[in-house]
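Q: Let me begin by handing over the structure; questions about it come next.
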Amino acid sequence: MASRQLQVLSALDGAKTQLYHFRAIVVAGMGFFTDAYDLFCISLVTKLLGRIYYADPSSPNPGSLPPNVAAAVNGVALCGTLAGQLFFGWLGDKLGRKSVYGMTLMLMVVCSVASGLSFGHTPASVMATLCFFRFWLGFGIGGDYPLSATIMSEYANKKTRGAFIAAVFAMQGFGILAGGVVTLVLSTVFRNAFPAPAYQVDAAASTVPQADYVWRIILMLGALPAALTYYWRTKMPETARYTALVAKNAKQASLDMSKVLQSEIEAEPEKLDEIMASGEEYGLFTSRFAKRHGLHLLGTATAWFLVDVAYYSQNLFQKDIFGSIGWIPKARTMNALEEVFRISRAQTLIALCGTVPGYWFTVFLIDVIGRFWIQLVGFAMMTVFMLGLAVPYHHWTTPGNHVGFVVMYGLTFFFANFGPNATTFIVPAEIFPARLRSTCHGISAAAGKAGAIIGAFGFLYAAQSPDPAHVDAGYKPGIGVQKALYVLAACNLLGFLVTFLVPESKGKSLEEMSGEADAEEGNGANKVRPSGEQLV
């Protein structure tokens, strides 16, 4: 196998960990930091938006976003992300990873700022403007998924490739944490500067005019980390695998990587011609792709879909879960900024204790344990902890047991991130051919976002109490939080089963997984089984 591989690709596979690896992690990772901050910070301020724009001082409870508006504000960025993953994933294979990489970041910067500048004469016009820019923000975020994963996988060596891709994705945890911390700090500063009574004491005075600045500043700050890394993205050379195997320019690939690795690398254009001539190229919608990678794509897309149903329904609506178990007081007992403070404190604690550690466990162990076992165990433990929340749900909601609920809830996040939330991002960047790698990753990621949309929109309605007397204003009775948790547990169990469709890529080169370096690929020799083993 190695004899059939270009020297430039062998050099990348065998390269020791160097400064350029860490530079690539930071440049790609800051995009994910921004992605997570922008996607999840909206859940921290939706209660505030309801108080500001849909207030009714005669009501016993503070204003809240109407169901259709809440669904749009929370979900429109996810819709944009899905579209962006498909479009930029395809474009990354057509134009090259580097050519498209800067475009996604600039779109994120512009739309983050524009989201915070959403103005209008009526609440509906403000929300419509916000949703418009949030959609295009999501579109840019979507492009970052396939491009960052593909670039990192194609730069990395095969020994620590999983850890490097996981480290890029782990920046998502810091982005979620940063969103909580920024909101915590801003709400504290404004709350101290502009004190206000609780809603039940004085409804009109409980939301100070300056609160309108808080959500705008939070959204606009998402542009900062993306802007800081834009220059470095434009300076990254195109990946050698794209240049050699897709653009078919062995000389340019060796020239670029000679500079990166600081060593002489032979171009070998004749060997590239030989490999290209002996291997049959096939497109995405061909029987050959379906035979070789069809089950792989089904496995990566379905697993990502299932984990995101559970992951996003929890993340986007954890403020409702915390409220339902009494961890956050009734809205009428707080002023607007106090409520923002308590919601952000809850998310920050979950991110700090469950979300961030899970990501980094994956980084340190993925090239030891392997992708398959981390995903399998992750889905299994998520199922167990979801059932642990659902079965004795009434126990968790009684006074004195709230801390136990939060611990169990945090453990589900831990095993999501030390599990399928990370591996579903990593594996699609490793097992498909270079000419289709970004596209297939984009398809898998888009399936995940479809799951996120279902989780976000579905949970918004499903988690409503079945008792009409306890349903939020504007909603119809649902199945309640307990039964919704049962549904999420079922999704995790299905994810456990789907994991068996996905091959193990630990310790293998990208060409070994896809067969691109195999001169006999066109004749069907030396195939890769779904399990990752080879047939000689």
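Our numbering is plain: 1 for the first residue shown, then up by one each step along the chain.
Backbone N, Cα and C define each Cβ position, glycine as well.
For 20-49, 69-88, 100-119, 163-186, 213-232, 295-313, 346-366, 373-393, 405-427, 439-464, 484-503, the entry in TrEMBL reads transmembrane segment. What TrEMBL records for 24-507 is domain 'Major facilitator superfamily (MFS) profile'. The region 'Disordered' annotation in TrEMBL covers 511-536.
Any idea what these are sitting next to in the structure?
A: Through the fold, the transmembrane segment (69-88) approaches residues 38-39, 42-43, 46, 49-50, 54, 100, 103-104, 127, 130-131, 134-147, 312, 316, 438, 442-443, 445-446, 449-450, 452-453, 456-457, 460 of its own chain, all at least 6 residues removed from its boundaries and within a Cβ separation under 8 Å.
Here the transmembrane segment (163-186) has Cβ contacts under 8 Å with residues 21, 24-25, 28-30, 32-38, 40-41, 44-45, 148-149, 152-153, 155-156, 214, 217-218, 221, 315, 340-341, 343-345, 347-348, 351-352, 355-356, 358-360, 362-364, 366-367, 417, 422, 425-426, 429-430 of the same chain, all six or more residues outside its ends.
The list of residues near the transmembrane segment (346-366) in space but at least 6 beyond its ends in sequence, with Cβ under 8 angstroms from a Cβ of it, reads 40, 43-44, 162-163, 166-167, 169-170, 172-174, 176-177, 179-181, 183-184, 318-319, 322, 327-328, 374, 406, 409-419, 421-423, 426, 506.
Within the same chain, residues 303, 307, 310, 362, 365-366, 405, 408-409, 411-412, 415-416, 418-424, 427, 481-483, 485-486, 488-489, 492-493, 495-496, 499, 502 sit at least 6 positions outside the transmembrane segment (373-393) and bring their C-beta atoms closer than 8 Å to a C-beta of that stretch.
Taking Cβ pairs closer than 8 Å, the transmembrane segment (405-427) reaches residues 145, 149, 153, 162, 165-166, 169-170, 173, 300, 303-304, 306-308, 310-311, 314, 318, 321-322, 325, 327, 349-350, 353-359, 361-362, 365-366, 371, 374-375, 377-379, 381-382, 385-386, 388-389, 396-397, 444-445, 448, 495, 499, 502-503, 505 in its own chain, all 6 or more past its ends.
Counting same-chain residues at least six beyond the ends of the transmembrane segment (439-464), those with a Cβ under 8 angstroms from any Cβ of the stretch are 67, 70-71, 74-75, 78-79, 81-82, 85-90, 92-93, 142, 145-146, 149-150, 284, 293, 297, 300-302, 304-314, 316-317, 320-321, 324, 424-425, 428-429, 432, 471-472, 475-481, 483-484, 487-488.
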Q: Restricting to the domain 'Major facilitator superfamily (MFS) profile' (24-507), report the mean pLDDT as a whole number.
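A: The answer is 88, the mean pLDDT of the model over that range.
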